[in-house]
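As structure tokens, the structure follows; a few thoughts come after it.
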């Protein structure tokens, strides 16, 4: 289903979906919302992108990071070398052609890794209270406040875990079903 | 160690293990290490839980520190601790078997995380004290079980999985319907609170009985009770042994565990309807299962049908419903988890050499490997209930309870079924071990490389481990029997459970 | 309203059973999905239908304002829907694999593992 209208609209809507999903994630403690629905909304952006461009394109655009690396030139300290390495990888779009790139790696973020990370965060958020000799998943609230977010307690951590988990699962399902 | 941590460790350890396996997707070696460490820790946590429960009584924790009838309770009494203990032993044995007995592609594509999640589901079902949470844990257990059954995706496996998925989704739906009914009748989901409300004078029991039928059918499908068992022999023999041994050894017993828990705690056994129904169902389950086994000629299918038949015995204890009978059921469940897994593992060792499970093509195993033959004989006689082995004590307790309670016909049925069990075990013995290997016209000349020989020697390790435990339980049955009797007393004396959970 | 929803629940159960008992793989999926919906609706109706406020306490409230809807069945339903979603996704993937392997939509073509001999 490759139509120009859809793919253009999706390119504009994707960041909107992302921002909205994070908003839904953060307001979830006292209002409708939360990790699950936030994760669903966040995943919708990528699902639409898969519909418009195919799953390979989605995986390549959003879940793969190409890393360029040069061997260290003699006479340059390690710090300089790493600074150069970071700069090269940030600015690569403009000067990718001129770089004498020696090696490039692909870091791929599989949906499975998202799921693992989400599960881990969610489980850790429950285990923290076990370590404090309280029942599992008793909510712990730190003393300080962050201006917009409020106090970031363990329920927020749990919601964040659910967010990542749901996103990973939806993406896994969609990519599996899209592979023909 | 705090009570909260102690109750939840058997649940959290497999979860953390599974999470740690996921970053090593497609690399089997680190997954193996993580899973192995988790299995050992899981065993240790179950041992600590059993020790704590037997010394200090029922332990519980409230998730999120919400008080008892409102929050989710996790509670461990002797029965659930013993169930977890048995499943940890079986899990460790199956893990050892999978190191050499499972092909590399299945190991890389998520065997270990799924096995660990399945074990987490089993711990959850055994520990939870909330009826809806029970449903959730059952779904956790089932979806990992679906994945394991389909792992590898051979033709036969897919077909078995589709039957299993369909019937189990129906069962889950019925469970959910029952839960909705119980909630609308009583307004509570906590098992202890439900037990208290049902026993209150003046409560309307007729509708609770209707809800109990939903649970009987739902868990009856999951534990393969008589008219609802057809999915089991159609799906359990399809996956490789390292998967089917664990599933066959444990899942149906977990279903029976929940039936015993619910029908002793929540649903009052009605002498006019539920008890006779359970009695008839248990008798039919035994007879039909064992007759099905007698007609089969595939090693694994015979064992699968025997699962159905043994489920009848466990249900029989619940149906007689005296403390001794329930103790017999508890003992029988523990014994059956170990024995059934061991028999499946032995069938795997035999099939590793002969590349087949069909009894017609097997043979000559006794001459080639007398040690394995003795291990099989031990487990098979234990399954049939011959005196020095563990199966005897379970059947003895059940039969004694039945005679004391004057249920003569069910006792006669169970003894007759034992006889046919010996018959079909003899069939396996004759066909696979005693008779000479049939000649395949020289076309399939058996070439056993030294590597394969070493692998099959390695596969014997878990079998020896389980057989040792079975022999130990058989010869030195006293501590396990006294534990089962204590578990049954706790189950029958529901006030202990209710007071422990509701803090009264 | 409750009577109407009860009838709808019963009809959903009926239709889903009809679909599941068909020999067609696609109808099997439809049947399973409808069955899940029917059980969810049953739970919702059995939990009691109350038109009213949500049971969320405001800043300085001690009890919720009557009449309020019972939040427990809603929470249970949400969980059940999510679980059902996972199970249905798995069932769809499995059924798709079966179709690819067997090249057939008919459940009767799958009846050959009862006599497998390796």
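Glycine is treated like the rest: Cβ placed from N, Cα and C.
As annotated by TrEMBL, domain 'Na+/H+ antiporter MnhB subunit-related protein' applies to A:5-67 (among others). Confidence in the domain 'Na+/H+ antiporter MnhB subunit-related protein' (A:5-67), given as mean pLDDT, stands at 87.
Summarising the annotation, TrEMBL assigns domain 'Na+/H+ antiporter MnhB subunit-related protein' to A:108-171 (among others).
If you look up TrEMBL, you'll see A:9-26 (among others) marked as transmembrane segment.
Under the heading transmembrane segment, TrEMBL lists A:32-52 (among others).
Long-range contacts of the transmembrane segment (A:112-136) within the same chain: residues 154-155, 157-158, 160-169, 171-172, each at least 6 residues beyond the stretch ends and with a Cβ under 8 Å from a Cβ of the stretch. TrEMBL lists A:112-136 (among others) with the feature transmembrane segment.
Annotation source TrEMBL lists transmembrane segment at A:156-178 (among others).
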The domain 'Na+/H+ antiporter MnhB subunit-related protein' (A:108-171), counted residue by residue under DSSP: helix, strand, coil: 39 helix, 3 strand, 22 coil
Distal contacts, the transmembrane segment (A:32-52) - CB-CB under 8 A, six or more residues away: 1-3, 6-7, 10, 13-14, 17-18, 20-22, 24-26, 58, 61-62, 158-167, 170-171, 174-175, 178
Summary of DSSP states over the domain 'Na+/H+ antiporter MnhB subunit-related protein' (A:5-67), given as helix, strand and coil counts: 50 helix, 4 strand, 9 coil
